[in-house]
Amino acid sequence: MKLSYSLFFLVLLLFGTFSAVGQIIEAPQWEISLSNPDAEPGEKVTIHFEANIPDGWYMYSSDFDLELGPLLTEFNFDESEQYELLGGIEPIGQKEKYDEIWEGEYTYFTETAKFKQEVLIKEDTPEFKGSIFFQICSDVSGQCIPFEIDFAFDATGKTLASQDNEKGEIKNSGISDIFSAQQNTTAKENEIAATREGEKNLEPFENSFKKESDEKDQGWTGLLTFFFISFGAGLAALLTPCVFPMIPMTVTFFTKGSGGKKGKMNALLYGLFIIAIYTIVGTLFALLFGAGFANFLSTHWLPNLLFFGIFLLFALSFFGMFEIRLPNKLVNRVDRQADKGGFIGIFFMAFTLVLVSFSCTGPIAGTILLQAASGETIMPLIGMLGFSLAFAIPFTLFAFFPGWLSSLPKSGDWLNTVKVILGFLELALALKFLSMVDQVYHWNILDREIYLALWIVIFALLGFYLLGKLVFPHEKKKENVSVPRLISSIMVFSFVVYLIPGLFGAPLKALSGYLPPMGSQDFNMITASADPELESSSNSCGTPLYSEFLELPHGIQGFFDYEQAVTCARKQNKPLFIDFTGHGCVNCREMEANVWSDPEVLRRLKNDYVVVALYVDEKTVLPKEKWYTSSYDGKTKKTIGAQNMDFMIQKLNANAQPYYTLLGEEGELLAAPKGYDLDVAAFISFLDKGKEEFYKGSIEFNQD
């Protein structure tokens, strides 16, 4: 009972941790130091920049391919005769990661970002001025936020004008001043009496809608899902030949050897010790390696190639080619400790079970740990807790209710069948690690259709095995097929049929995390046969501004300028769909690939709405007559991205992408804005609600 309560409160804690939805996120604070504040003309000094990154967020570095997609961190120094830059900015301690969406490796920072720039001093007491452009993204919500801050400091590292901090902490003047605002900004908004010339005008949009946190929390949901997957793996481990026969023997020992109440308590301790042993392994894995090493395991070619080999060995072991066992001396030594009795004896009994069953449970537990390596630091602990909980429950439960033992099936060939099934699953998972190496080094051996072809063959063989058509050397040929095997084969062959359209370009969204990216698909019949009846609603409104360098996915013909989109929406009497996005927003691309690509979503976007994509990180400088000084932060907005970000902050009090907003003819919100959420049904409901509200007339919103 205590364990159940502990798990319940753990889930509540994880849920409460990720809750900053629909509000402005503060920019990281930067600090500056110089290697030699007393440097004289002719000497070289190194300027160190350091940013503190919020927990659960990461910042892109400055040293990967600009064409990849994510936004590089950029340092722009104003021209000056007082010093000379020697080389470019250099990141310090950055991490590397392969991203399947961008299809390449990028570098990034967590917790702290450090950069250095070497300069040659030309005059006494030089002043350094410039700006930093960077982007941070959330590991939890998937949202990304670009920032741009100005810096000004002298040779001592002391900031100029606005700051007298001796340590050189940069005040986030400029756009990042906005990000220290609280969620409730009514007072600030009321100070804005009128929109300055050039700013996007949308008066009904201000103070018209109380934000709702309808965005699903991806972080805690992922952990909880992984817990239940691990729990299922623990149940599967129980059905192996090494473990299942041990259940009645162990339960009989407790119920007959110790007597009623005491025997039940000993069985309870036995189960708790099993949980403790596996959970300690997960905890040690998390503490010893940490998040940085976990990222290395999940992205570097060497461990992925090693894991491919390990999974292949696991599969061959389950197929009966050999057995993976721990040294007999170790097992016997632990077993002798179990004879001592008491708490110590029960602990070593549990430890003995863990060791003796290793040949069957080791590959399963190892799979959980390796899968956990690609996630958060706490995932190995969560995985081992779920696995051991399922593994230990029967030993305790049957000791409390020994009469249930008679309902257990007898040991037999079916236990070996379970092992072989697990072998096929291990073989399929092994390809995931080989695929990662293939993508990083661009071998193009495991393209998406090759990968799917291998999976189709593997699971087809599993189906034939279940029907008795495939027999391993250590097995007897079965004359008849049992009903459970027949039903299992039907499920497996159904999965094979589901995989086949993927060979021709079907997205197979349920498996997107296990398959190579769509970009590696050589032949895509789905794209080639796109529905010609789907015509975007903006075709009759003229050529969209900036369409020569910006585009929307899936053939959507939308806009990239808010005013032009509003004009078209009013002309066609349709609601407006605003997509606040960014070039470097990985989760914007994921939403487009997994949600927008759905035929029902695509039909609604093309037929029911006028779509406008507002890129908040687009650096194209607008003509001078379109510049304006923001009434929010007092800075001149010169670029498309800066104006779009200013518009988003002032009108929505938000600054993270992706962010989707539905507007009516007078700029009224038709539904609560929506962020990153891969639930297609929820997105369809969001679009349908907006359309319904638009055509039934204006709806009432609470006024702040």
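The chain as shown is numbered from 1 upward.
Cβ coordinates are placed from backbone N, Cα and C, and glycine is handled just like the others.
As annotated by TrEMBL, domain 'Thiol:disulfide interchange protein DsbD N-terminal' applies to 37-148. TrEMBL lists 220-247, 267-289, 301-322, 343-369, 381-405, 417-435, 450-472, 484-504 with the feature transmembrane segment. Annotation comment: TrEMBL describes 226-435 as domain 'Cytochrome C biogenesis protein transmembrane'.
Below 8 A, the CB atoms of the transmembrane segment (301-322) and the transmembrane segment (484-504) form no more than two pairs separated by six or more positions in the chain, fewer than 3 in all.
Within its own chain, the transmembrane segment (484-504) has Cβ neighbours under 8 Å at 417, 421, 448-449, 452-453, 455-456, 459-460, 462-464, 466-468, 511, 515, 523-526, counting only residues six or more beyond its boundaries. Only residues 6 or more beyond the boundaries of the transmembrane segment (381-405), in the same chain, are considered here, and those with a CB under 8 A from a CB of the stretch are 3, 7, 223, 226-235, 237-238, 243, 247-248, 250-251, 254-255, 263-264, 266-268, 270-272, 274-279, 281-283, 285-286, 361, 364-365, 368-369, 371-372.
Residues in the domain 'Thiol:disulfide interchange protein DsbD N-terminal' (37-148) partition by DSSP class (helix H, G, I; strand E, B; coil) as 3 helix, 66 strand, 43 coil. In this model, the domain 'Thiol:disulfide interchange protein DsbD N-terminal' (37-148) carries an average pLDDT of 86.
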